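A.B. asks: Handing you a structure now.
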Amino acid sequence: MADAPYKLILLRHGESEWNAKNLFTGWVDVNLTEKGEKEAVRGGELLKDAGLLPDVLHTSLQRRAIRTAQLALESADRLWIPVRRSWRLNERHYGALQGKDKAQTLAEFGEEQFMLWRRSYDTPPPPLARDDEFSQFDDPRYATLPPEVRPDTECLKDVVVRMLPYWFDSIVPDLLTGRTVLVAAHGNSLRGLVKHLDGISDEDISGLNIPTGIPLSYELDADFKPLKPGGTYLDPDAAKAAIEAVKNQGKKK
């Protein structure tokens, strides 16, 4: 077992096609945009420049995260490292909001309801019908999951509940060996992990935004608590600007 500090890197996928269209995405499996691919490559360059070279990758079952990780690792010359994938790192399931325009949803339901669905810790959107065109209930990649485990909607609390077992059972053991661990995932699965790491309250987590494509580096002590709360973005100025853009997503036309 290696001694602390343990090195953890979090990377939200680059801009996706539905990010660009301002649509709720959730479990819908969309591709990166050209901009998103460039963000991923730049993320790998930032890792290489900082000397933060991952030894193992953990990612979701969704192509936007998988592709981001591939591009970043290729850019950092680490494409050869072991890869572990889990549905537990998937984006939050947005229920009946999946495929809907964020600005139109805001206009239809009002800011209070919109923000409750989008940012509250424990209020999920209405469930998505299992025969809906944007449902993943019968997707073959989830065939081994019991039906009661496959979500029809989720709040952030649900994401934390399904993500934390993977943190403790799969990511922590890699950290304990001294590996530098890269987690390439999604806005909400990473928000849930940061909530756990930094001890953010259920109320305050609503204000946390994670930008696309900019690595967030943590050094963790022997109890897996951050030596620097909030970690360190490898491009702080770009992260600050991107976080403001994420905040304003619902306001786009």
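Each position is counted from 1, following the chain as shown.
Cβ from N, Cα, C; glycine included.
Reproduced below are the annotations present in Swiss-Prot:
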ACT_SITE  His13  active site, tele-phosphohistidine intermediate
ACT_SITE  Glu91  active site, proton donor/acceptor
BINDING   12-19, 25-26, Arg64, 91-94, Lys102, 118-119, 187-188  substrate binding site
SITE      His186  site 'Transition state stabilizer'
A.B. asks: Could you round the CA separation between Lys102 (substrate binding site) and His13 (active site, tele-phosphohistidine intermediate) to a whole angstrom and send it over?
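C.D. replies: Approximately 19 Å lies between the Cα of Lys102 (substrate binding site) and that of His13 (active site, tele-phosphohistidine intermediate).
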A.B. asks: Work out how many Å separate Trp18 (substrate binding site) and Glu91 (active site, proton donor/acceptor) at their Cα atoms, rounded off.
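C.D. replies: Cα to Cα, Trp18 (substrate binding site) and Glu91 (active site, proton donor/acceptor) are separated by 13 Å.
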A.B. asks: Name, in the order they occur in the sequence, the residues of the same chain whose CB lies under 8 A from the CB of Glu91 (active site, proton donor/acceptor) and which sit 6 or more residues away.
C.D. replies: Thr25, Gly26, Trp27, Ser60, Gln62, Ala185, His186, Gly187, Asn188, Ser189
A.B. asks: What's the CA to CA span in angstrom from Arg92 (substrate binding site) over to His13 (active site, tele-phosphohistidine intermediate)?
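C.D. replies: Given the Cα positions, Arg92 (substrate binding site) is 14 Å from His13 (active site, tele-phosphohistidine intermediate).
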A.B. asks: Any idea what DSSP makes of Arg12 (substrate binding site), helix, strand or coil?
C.D. replies: strand
A.B. asks: Restricting to the chain of His13 (active site, tele-phosphohistidine intermediate) and a gap of 6 or more, list residues whose Cβ falls under 8 Å of its Cβ, or answer none.
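C.D. replies: Result: Leu32, Gly36, Ala40, Gln62, Arg64, Ala65, Arg67, Thr68, Ala184, Ala185, His186, Thr212, Gly213.
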A.B. asks: Using DSSP with the three-state reduction, classify Trp18 (substrate binding site) as helix, strand or coil.
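C.D. replies: SS state of Trp18 (substrate binding site) = helix.
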A.B. asks: Of Arg12, His186, Gly187, which of the recorded positions has the most Cβ neighbours inside 10 Å?
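C.D. replies: Neighbour-count leader: Arg12.
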A.B. asks: Among Arg92, Lys102, the binding-site residues in question, whose Cβ has the most other Cβ atoms within 10 Å in this structure?
C.D. replies: Arg92
A.B. asks: Measuring CB to CB from Glu15 (substrate binding site), give everything in the same chain under 8 Å that is also at least six residues away in sequence.
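C.D. replies: Counting only residues 6 or more apart in sequence, the Cβ neighbours of Glu15 (substrate binding site) under 8 Å are Leu32, Thr33, Lys35, Gly36, Glu39, Thr212, Gly213.
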A.B. asks: Give the helix, strand or coil assignment DSSP yields for Gly26 (substrate binding site).
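C.D. replies: Once the DSSP labels are grouped into three classes, Gly26 (substrate binding site) ends up as coil.
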